[in-house]
Amino acid sequence: MNEAASDKLTDRFGRKLTYMRISVTDRCNFRCVYCMPADGLPFAPREELLSYEEITELVEVFAAQGVRRVRITGGEPLVRAELPRLVAMLKEVDGIDKVAMTTNAFLLKKYAQPLEDAGLDSVNISLDTLDPARFKEITRVGSLERVLEGIEAARQADFSSIKLNAVIVGGFNDDEMPALVRFAMERDLIMRFIEFMPIGDTVWAEGKGDCVPARTMRETLSEHWTLEADTERYGTGPARYWRLHGADTPDEGHPFGIISAVTECFCAACNRVRLTSVGGLRACLADDQEVDLREPLRTVDDPQRRREVVEHRIQMALFGKKERHAFDIDGGSVTNKQMTSIGG
């Protein structure tokens, strides 16, 4: 990486930003209790969504300044048409080393191989339960069987990395933690538990779901395995990893991760920004402050001037990036937007 380029995306606290999460849609075919209110949301009109060409133009600007990895998110990214085309476009951007995606896997059986053919490097799959009835309770719609088929299709497509993510919500799925780990272990996949975050109008706001602290997650798993801190890196995200050792693990143990955004703040090592599906740049998931990057894309005709305006607005977003989030395990939601609108 060119050092001068990387320094352009350094915030006030010395954090270099090399990772970009890109939401391609705020629509989703699920209505998960930790992500969306029960009656759904008004979605952005399709004409307000960034086109694939607009997304690629923005990624070119970010890559020139030091971003090396991008992750495609939603909503559910696979509900947007022709997603493999975007993957192929992003893989052609000079400086981008990895293109990844996060999905609920409901449509992955159909798209896994086309995405891998287009160059998608890795995929993270949401799997919050192994119980079909509970799956309906958590997602409010959908089919666990379809998700499991999507996971198997991803394995057959031979991505360089497949991780399973489970948001652990007290009173919903916290009793399934060992079973979820075993499911991943049997398929040689990495399971990661995510603390339930106070974002938007979800069951957190209704007082029906609790954040299960990372400490409790580790204590629960330690009843079944011995946990050893893992020094190996599995990507560039905030997850901390352990190796599980027991009668059902290989000699070297099996990797397992926790993303503990609420109780074990990792903001000091933050390396990311988020682009919403309508072109809002968010320097922090937990901060409603956004900078509009879509407006110059659609109003400034001269390419050089348009790039300068975009670069200036990126710097505005970086200057506003706070030292840490305001998540509080005993507090209410810290952002008015829903996770599906921000980009999960």
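Here the Cβ of each residue, glycine as well, is placed from N, Cα and C on the backbone.
The GTP binding site annotation in TrEMBL covers Arg21, Arg71, Thr102, Lys163, Arg272, Val273, Arg274. Look at Thr102 (GTP binding site): DSSP puts it in a strand.
The number of other CB atoms found within 10 A of the CB of Cys28 ([4Fe-4S] cluster 1 binding site), across every protein chain shown, is 27. Annotation comment: TrEMBL describes Cys28, Cys32, Cys35 as [4Fe-4S] cluster 1 binding site.
Met197 (S-adenosyl-L-methionine binding site) counts 24 other C-beta atoms within 10 Å of its own C-beta, drawing on all protein chains shown. In the three-state DSSP assignment, the secondary structure recorded for Met197 (S-adenosyl-L-methionine binding site) is coil. Annotated S-adenosyl-L-methionine binding site per TrEMBL: Tyr34, Gly75, Ser126, Met197, in sequence order.
Positions annotated as [4Fe-4S] cluster 2 binding site by TrEMBL: Cys267, Cys270, Cys284. In this view, Cys270 ([4Fe-4S] cluster 2 binding site) is surrounded by 23 other Cβ atoms within 10 Å of its Cβ, with every protein chain counted.
If you look up TrEMBL, you'll see 12-238 marked as domain 'Radical SAM core'.
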Maximum Cα-Cα separation in Å among residues Tyr34, Gly75, Ser126, Met197, which the record lists as binding S-adenosyl-L-methionine: 16
Extent of the GTP binding site in Å [max Cα distance among Arg21, Arg71, Thr102, Lys163, Arg272, Val273, Arg274]: 21
Met197 (S-adenosyl-L-methionine binding site) and Arg71 (GTP binding site), Cα-Cα, nearest whole angstrom: 20
Subset of binding-site residues (Lys163, Arg272, Val273, Cys284) lying within 10 A of Gly75 (S-adenosyl-L-methionine binding site), CA to CA, in sequence order: none
